[in-house]
Structure formats: structure tokens, C-alpha cells
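Read through the structure below, which is laid out as C-alpha cells, and then see the notes.
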2 protein chains.
Amino acid sequence: MKQPIGVIDSGVGGLTVARELMRQLPRERFIYLGDTKRCPYGPRSEEEVRAYTWQMVNHLLGKDIKMLVIACNTATAYTLEELQEELPVPVIGVIEPGARAAIKVSQNKRIGVIGTEGTIQSKAYPEALKSIDQAIRVNDLACPPFVPMVEEGILAGKRAQGIVSRTLQPLKEMNHIDTLILGCTHYPLIKDLVQEEMGNHIQVISSGEETAREASLILAYHKALDTYDTPPEHEFYTTGDMEKFRMVANSWFEEPIKILKLVELESVKSSAL
Amino acid sequence: MKQPIGVIDSGVGGLTVARELMRQLPRERFIYLGDTKRCPYGPRSEEEVRAYTWQMVNHLLGKDIKMLVIACNTATAYTLEELQEELPVPVIGVIEPGARAAIKVSQNKRIGVIGTEGTIQSKAYPEALKSIDQAIRVNDLACPPFVPMVEEGILAGKRAQGIVSRTLQPLKEMNHIDTLILGCTHYPLIKDLVQEEMGNHIQVISSGEETAREASLILAYHKALDTYDTPPEHEFYTTGDMEKFRMVANSWFEEPIKILKLVELESVKSSAL
């Protein structure tokens, strides 16, 4: 097909999903768009998140994408259903892959979820889990300090450990869960800290890995897998500081990113075309 | 929708997949058909396997299934593509889910595959793996003694250990793999023996768990998930000895199976209707 796959996120957190997509689908070309200027989406209203997401989507639809991955839990919670209905290409969010992976590994059907205020308030994870298995009990917790912490690059050390420990305290007090979903694409960057705090008996699920795997299946299912012999150049777009974006991206990817462009979204239509 | 999901296998091995399907999709109803009378399919010709598989499929199509799961690697290798083209419902095999899961977990891109003669000769796994990532190196090995061993109920002890050890020897001698796919639905029953023989540094993938997860995604993707409040009665069909089938099934499931019927397939059409 030789069409790219579009990936959108509120900022740089979705790069953890993009990295997994590129690793698990090395014969595909990706276009990533991170709305870093208006990040984080977590504390924003549903209306705002929907408008911003549609602006990103409409920008990418002009680039002939064959699939859209919403690499942001907040945007997935508020817009997945309408995007699946409105877009002419398959749309994948990060919530259901995490939910399905958790159901696969949980033995006691008690699953924890951590995420932004928006994601947790939307109840998207409990709904996704219970729609598959009513017997599942969910303990969810909003962790507002985590995104700013990761964006500032505080990923290890005593200060990070202290923040993680204090924030997760309420979840630890109800610690009958055997599985914990990292319901925010920033959180894989502090997965080790979370694992340490929760204990090794808890299976921690990264939505990025799971989403990449499901994207792979949906492409195969539509017979839409590409077959590039050498990994093609991926394109990255940001709405904010380019050098900051490049620095973060280069610290996460094995090779420096080559194509990075600034994009202005305010003038793009903020609803279905 | 309140339509059942059909699951077919050459015998009882596919019950490991059915068990996972029922665990991960507890609000769905399943119909399982095992061709125990003509098991194993592994050493049979492609023509025979195709004809037998079509007989099972045509039998289940009369039961208004909304999805078909081919819970047999040999049948998947020979018939998946034509069934996906011909059937009016989504068709899932066990090979691609195992391949995608292996790609997700492998770090060094060297993946081992064990299966029946038919599955290994078909090269279905190497093809599935390389179509996604050309850089993957595959070591595959046919293990003819494993299916008869499992069918006889030899799942542990010195004799089983000896058979597993001798059979896997050629794979151990090329042991740069970091991931091993159990490419036969009988093998999860001897997963512990295989793990012990290969070493704990090898990640062993059970196709059943992975297939159940992908079935869950495809149903959600088609908005075809069911919502039974209590797990409905599943139906089981066998072409062979009913008491033997019941005994094996009851030893694998948490509760005894209730509806078990004998079916005669020889008179069913052995090609697309």
C-alpha cells in the first residue's frame, strides 16, 4: 500500500507508543504528531480535548494515512468512538489494548488503573474491562504529578521515588490487585519506579506495547501491512518547542529523528470534515 | 448479537485455546468441534487437512456462528487464507497471534518454533514472522512425539521429561533464540517441561492465550461482543470416542462440560458451499 500510519498524542508521551510501533512494525512508515504546545490534556475539559484531537486528526487525514493510532489515553477516552465512526480508516486507541492485556494476565480479576484526571474521571478503563468481563473489580487512581514529572525529565532518583511512593499510596492500601495498567503513555518512562513501589507480585501493563501489537493485527486483518525492505524515514510534527521535542525523542529512540516539522493547529477545523 | 463463536480443532488440543477463550471472553457462548476420530492432522497431506477442515467449517456454519477460530496449527497453516476469503464471518487462526506475541517479546529477533510435521513443513510461522519483520531469524523444529504423548496423558514424570529432552536437543544446540513459540495447541499441556528443558531465559509463548486475546479484539472491532450476564452453556462436538473426550475436557476445565454430542462429518461437504 505504501501509505503511512498516523500517530497522535497530546505531547511527547505518545513517543513511547510510537517507539513500540516502529519496533514491532519495522516495515511500516509512521507520521507522529504531538500537540506539545497545549499539553497536558489530562486536566482539560472534554470539549477542549475533542476539539484539539479533531485538529490533529484533520491535519493527518491530509497526509493519506491508512490507520490512526490515538497514543493518548485522555484523547482515547473522549474521542475514540466518534473517530471510529467518522474516519474512513481504522482507528485504534490505547485503552482497549491495555484492558485486553490485563484480562489476559490477571488471575484474580482485580485490576488497578492509574492515569490522568481526565482518563480516570471518564471511567473508560472500568467500562472497557467490564464490557468484556463483568466479574472484574477495578481500583483506579488519578496521578496528576506523574506527567509534569516525566515532562521535566525526572525519571529516577530519590525525588522521583518520593513522588511515586506518595501518589500510589491509596492504591497500595487496597492492594488486592494482581495487575496494574499504566493508563497514560508517559508512565512507561517510570515503569521501574512504579513496579518497585507496588511490588514484584503485580504485573504492570504498558499500553504502548499492547497497542502496537493490536495495530499489527488490525493491519494484517485488513491485508494492509507494508513491506518496505529498509525502515523508511518517519516524520514527526510538534506544535511547540522543536528543540525540546527533538531532545526528548532522541533520548528515547535508538537513532536521532531526521524529519521534524513545526505545525500550527489553531486554524485547522476542530470537528469532523 | 447472541450468536456463538465456533472453534474447530483436529482433536482435544484445541481445548487449550477454548479454555482461554472462555476465560478471556466470559460473556460469550462457544461451540467446539474436535475431529478426534481423524486426529492427528500433523502427518496428513494438505489435501486431506483441507477437506476435513471444510467439513468441520460447513457443520458449524449451520449453527449461525459469528466468528470462527481455527484452534489447530496444521489446519491454520493449510486453510486460513481460503477460509478468510470464503466465509461471511471473521476467521482467526493460531499462527499469526503466536507470531505477533513473539515479535512483541523478543529482544534479539531470534525466535524458535516447535510444531507438528505439517505445521513446520508449511513454513507458516517463518512466513508470518518475516512478513512483519524481515530481520527475524527463525529456528523451527518438528516434534512428532509430542501430540501422541499428550493424547496419552503423559504430561509429567521421567518418561515425559526424557521424550521432551531428546526431541528438543537439536533446538538447544542452536540456542541463540530468546523466544519459543509453542506452535501446536497440544503443547501448552507440557509447557513446564519445555520451559525447564530450554531454560528460564527463554520466553515461551502459548498460542492459545494469544489467540483468545486477538479474538477479543476482532469482536470488539466489529462491535460484535456479546453481553451475557451469566456464562451460557457451551456446546462440544466430537467425531470420536465421547467418553474419552469428556474425560480430557473435564480434566482441563474448571467445571464439567454439560453439552457433548457425537457428530458424523464424512457426509458433510468437504469444500466451500
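Using the three backbone atoms N, Cα and C, a Cβ is placed for every residue, glycine included.
TrEMBL labels come from automatic prediction, so no person has curated them.
Here is what TrEMBL records for this protein:
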ACT_SITE  A:Cys72  active site, proton donor/acceptor
ACT_SITE  A:Cys184  active site, proton donor/acceptor
BINDING   A:Asp9, A:Ser10, A:Tyr41, A:Gly42, A:Asn73, A:Thr74, A:Thr185, A:His186  substrate binding site
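In sequence order, A:Ser10, A:Pro40, A:Tyr41, A:Gly42, A:Arg44, A:Val49, A:Gly115, A:Thr116, A:Gly118, A:Thr119, A:Ser122 constitute the residues six or more apart from A:Thr74 (substrate binding site) in its chain with CB-CB distances below 8 Å.
The record assigns A:Asp9, A:Ser10, A:Tyr41, A:Gly42, A:Asn73, A:Thr74, A:Thr185, A:His186 to the substrate binding site, and the maximum Cα to Cα distance across that set is 12 Å. Residues A:Gly11, A:Gly13, A:Gly14, A:Cys39, A:Pro40, A:Cys72, A:Ala75, A:Thr116, A:Thr119, A:Val147, A:Cys184 surround the recorded substrate site, their Cβ atoms falling within 8 Å of the Cβ centroid of A:Asp9, A:Ser10, A:Tyr41, A:Gly42, A:Asn73, A:Thr74, A:Thr185, A:His186, which are themselves excluded. If you take the Cα of A:Thr185 (substrate binding site) and the Cα of A:Cys72 (active site, proton donor/acceptor), they are about 6 angstrom apart, rounded to a whole number. Note: the Cα of A:Cys184 (active site, proton donor/acceptor) and the Cα of A:Asn73 (substrate binding site) are spaced 6 Å from each other. Non-local neighbourhood of A:Cys72 (active site, proton donor/acceptor): A:Ile8, A:Asp9, A:Ser10, A:Gly13, A:Gly14, A:Tyr41, A:Val94, A:Thr185, each in the same chain, at least six residues away, with C-beta under 8 Å from its C-beta. The binding-site residues listed here are A:Asp9, A:Gly42, A:Asn73, A:Thr185, A:His186; among them, A:Asn73 has the most other Cβ atoms within 10 Å of its own Cβ.
A sphere of 10 angstroms centred on the C-beta of A:Cys184 (active site, proton donor/acceptor) encloses 29 other C-beta atoms. Secondary structure at A:Asp9 (substrate binding site), taken from DSSP and collapsed to helix, strand or coil, is strand.
Under the three-state DSSP scheme, A:Asn73 (substrate binding site) falls in the helix class.
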